[in-house]
Amino acid sequence: MDERPETELISIPATPRASTPEILTPSGQRSPRPPSKEAKSSTAWTPTSFISPRFLSPIGTPMKRVLINMKGYLEEVGHLTKLNPQDAWLPITESRNGNAHYAAFHNLNAGVGFQALVLPVAFAFLGWSWGILSLTIAYCWQLYTLWVLVQLHEAVPGKRYNRYVELAQAAFGERLGVWLALFPTVYLSAGTATALILIGGETMKLFFQIVCGPLCSSNPLTTVEWYLVFTSLCIVLSQLPNLNSIAGLSLVGAITAITYSTMVWVLSISQQRPPSISYEPIFLPSSAASVFSVLNALGIVAFAFRGHNLVLEIQATMPSTFKHPAHVPMWKGAKVAYFFIAMCLFPIAVGGFWAYGNLMPSGGILNALYGFHSHDIPRGLLALTFLLVVFNCLSSFQIYSMPVFDSFEASYISRTNRPCSSGFGQDFGFSMGSSLSS
């Protein structure tokens, strides 16, 4: 049986092959034409594809220029990033003109607070070696996890995880992620804001006592009334519309945090130490109490490092493109902020424990300074220290309340499809202050 010749792919229209030329005879039959010199010199080429090589490489063609221009445009403006239209109504993502300076202000304002004033209490139970070791490990772990969060913000091309809830949804699913992340983030932000009201109100009361002295002791305000005064100030400042608009407040909070942290430990080590001071770790009678006291001290060290619940939100306020991603200015600002955070936390812990030892009261170095040296330090310096703490609490309240505002407004917008009214911050602040006073 004769084998069928293998078919060959040719181009359209068909062209005569130079290797087998044909001529037409007078009888009408076709016969091979004698080979010519041109046919011998030319090489045969059989196309293997219907696609022209000119189409595969349009170098210098208008199509190539259009593709290059379109690619540059998409890389410049980040057009491929999927944006939620409702983000323009929410306080965290309403403004996206942040930069590395804003990131440094926000991270420093969120990272240093009243929790740092309690670090010497942990050293009283841990001692020098374990106290410094635990503080160093906690700082390194905080910096590493911060870097991880900064990278996860844009881990998927075309998608920005602007909030913890969105990152949890990507990790655990839509419904489970909301249940796992929404309540802890709101609880942490609202709890920190409540603690700031307590610390701010009590510090305002101490500032008033230092400034007025015995002249204003006839009918002073109660502690609850000072809470309401501090809450009223927070309500006034909460009228700023979005996270970028409080960058000035974050700068004030960062400056006041660095200033009062430095003043507290400098004033403490400049005074004479108590005569019965000791640097031996405090041991309680029972072993169970000693174990729990050590665990409590480690919790105090961990409690001093804060601000992770705001990393994604701070990075969401920055513009991001393929050429200029948001993680670059965010990491620059975070490194500067955590350098100053280390300059605040370590001197407070080491200097406070050196100045007071295991006589450190449970309220922290600020209470120790007021209790041991209220008559030795000029009232002006002491009052300035307490006033700086009040300013820092006011500015920290705004940035820690922003995720709560954003979560509540997102729930309202998803139901009504319209932006929230400007009085939402007033209602939140007033309800929180009323719950504290009741």
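Just so you know, the numbers here start at 1 and follow the chain as drawn.
Yeah, the Cβs are placed from backbone N, Cα and C, and that goes for glycine too.
Bear in mind that TrEMBL entries carry predicted annotations, made automatically and left uncurated.
Here is what TrEMBL records for this protein:
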REGION    1-45  region 'Disordered'
DOMAIN    97-422  domain 'Amino acid transporter transmembrane'
TRANSMEM  117-144  transmembrane segment
TRANSMEM  176-199  transmembrane segment
TRANSMEM  246-270  transmembrane segment
TRANSMEM  282-305  transmembrane segment
TRANSMEM  336-359  transmembrane segment
TRANSMEM  380-400  transmembrane segment
Considering the transmembrane segment (380-400), which listed stretch of 117-144, 176-199, 246-270, 282-305, 336-359 counts the most C-beta pairs under 8 Å: 246-270
The transmembrane segment (176-199) touching the transmembrane segment (282-305) per 3+ Cβ pairs under 8 Å rule: no
For the transmembrane segment (117-144), sequence-distant contacts whose Cβ falls under 8 Å of one of its Cβ atoms, 6 or more beyond its ends: 264, 279-282, 293-294, 296-298, 300-305, 308, 338, 342, 345-346, 348-350, 352-353, 356-358, 360-366, 368
